[in-house]
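K.L.:
Pasting the feature list from TrEMBL:
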ACT_SITE  Glu137  active site
BINDING   Cys94, His136, His140  Fe cation binding site
Amino acid sequence: MARLPILTYPDPRLRTIAAPVTVFDDSLKTLIEDMFETMYDAHGIGLAATQVDRHLQLIVMDLAKEDEAPAPQVFINPKVTPLVEEFLPYQEGCLSVPEVYDTVERPRRVRIEALDKDGQPFEMEAEGLLAVCIQHEMDHLNGKLFVDYLSTLKQSRARDKVKKVLKAREKTN
């Protein structure tokens, strides 16, 4: 397994629309393993392939708390349908927008239809954190970031903060 570099805002590659996965082979399984390693290493709970410069409709997530056993989930070619009109405000962050957090409102309950790592279809209903996380990661597959929901001023502040974070990381490496 390998840790993959994570693209950071405002990198234009984050705006790429992901293509459907059509081949389920060993290279896809390796990418999934590498994405999990990358996500865990960065202390994230979700990662879209777009964030590691692979523009495929692929999401990995693990919402288990630190004191719980890992609960890895894979969503390939996902489709998300809101089940309620009620929105949930949630403080979001993103591995591609390091150390920036803000509130975004998303549908509280959704239906997810996707394929697993072997290409087998499944569907599930999600609410709360799972619903928020899958919608956040789905946005990545469509070239959208959580900061796009924020005001122009907050977007500008996010860009400035990411630049500072990246400069600080360069100095420590």
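Along the chain as shown, the residues are counted starting at 1.
Cβ atoms here come from the backbone N, Cα and C positions, even for glycine.
Curation does not apply to TrEMBL; its annotations are automatic.
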K.L.:
Round to the nearest Å and give the CA-to-CA distance linking the residue listed as 'active site' with Cys94 (Fe cation binding site).
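P.N.:
With the alpha carbons as reference points, the distance is 9 Å.
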K.L.:
Around the Fe cation site (Cys94, His136, His140), what further same-chain residues have their C-beta within 8 angstroms of the site's C-beta centre?
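P.N.:
Leaving out the recorded residues gives Gly46, Ala48, Gln51, Glu92, Leu95, Ser96, Glu137, Asp139, Leu145, Phe146.
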K.L.:
By the DSSP assignment reduced to helix, strand and coil, which category contains Cys94 (Fe cation binding site)?
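P.N.:
The residue in question, Cys94 (Fe cation binding site), is strand (DSSP, three-state).
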K.L.:
Reduced to three states, what secondary structure does DSSP give His140 (Fe cation binding site)?
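P.N.:
Once the DSSP labels are grouped into three classes, His140 (Fe cation binding site) ends up as helix.
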